[in-house]
Amino acid sequence: MPEIRTFLCRSDNIGVLLHDPVTSACAAIDVPEAGAVLRALKETGWRLTDILVTHRHFDHVEGIPEVKARTGARVTAPAKAGDAVPEVDATVREGDVVKVGSLVGTVWETPGHCADHVTYWFERERLAFAGDTLFTLGCGRVMESPPEVLWRSLSRFLALPDETAIYSGHDYVLSNARFALAADPDNSNLKARAELAERVKRDGRFLIPTTLGEEKATNPFLRAGEPALARSVDMAPGSDPAAVFAALREWKNRF
């Protein structure tokens, strides 16, 4: 099984290192901050071979030039990001395969937060590196498309096994929990997770990874097809989940 190290970057970005103990290959999922990634590499003793970019936003790619210069890592980025990602060696599209040593992942194009966003899905290991598409108890802002586009991207996750570990690009768990409780106040599983989030944050940690099963039970954006979430945005049970999602996302923007 792979080894994974998560750590804080900038103020609320989450850095991730994915290490294959069989081959000693190691990938960083985005590089929000060069110093934080380099410190994590020093602490683990891992040698960085790859950088897998989820999307072009500055807070996910700022550290790439320095880290590549220090490590020689190969940079793989979404083709649709164009030249917005620095130092790119290879580009990927829907269905392409990425390898980190013996670990084999598939590229999903998951637009909605931005048009070039991708998720890296490692089926054998049940790992999804979701960037800013799916968060613990939340989802990314819709920035470049109608909300239905992000809903379609999120819907792909619903087909994955419940035990899938989801690694996201930011730690917004407390604000996400507050909104989730407002939207789904009678959800006992959500109440328990919100309490856990408070405890974890007090300890200086974060709820990453989450699992798909936990998110299906507690994340209002993945639960847009549930009657309780339709009612929370003054829609009838059975309403189009994409429309419910759009209303939830707009509410969260103002929350």
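The backbone N, Cα and C atoms fix where each Cβ goes, and this holds for glycine too.
Sequence annotations record features per position, and here Swiss-Prot assigns Zn(2+) 1 binding site to His55, His57, His113, Asp132. DSSP classifies His113 (Zn(2+) 1 binding site) as coil under the three-state reduction.
Taking the Cβ of His60 (Zn(2+) 2 binding site) as centre and 10 Å as the limit, one finds 24 other Cβ atoms among all the protein chains shown. Per Swiss-Prot, Zn(2+) 2 binding site is recorded for Asp59, His60, Asp132, His170.
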## Note on the structure
His57 (Zn(2+) 1 binding site) falls, by DSSP collapsed to helix, strand or coil, into coil
#### Entry: Residue, out of the binding-site residues His55, His170, whose Cβ gathers the largest set of other Cβ atoms within 10 Å
His55
## Note on the structure
Close to His170 (Zn(2+) 2 binding site), taking Cα pairs within 10 Å and only the binding-site residues His55, His57, His113, Asp132, are Asp132
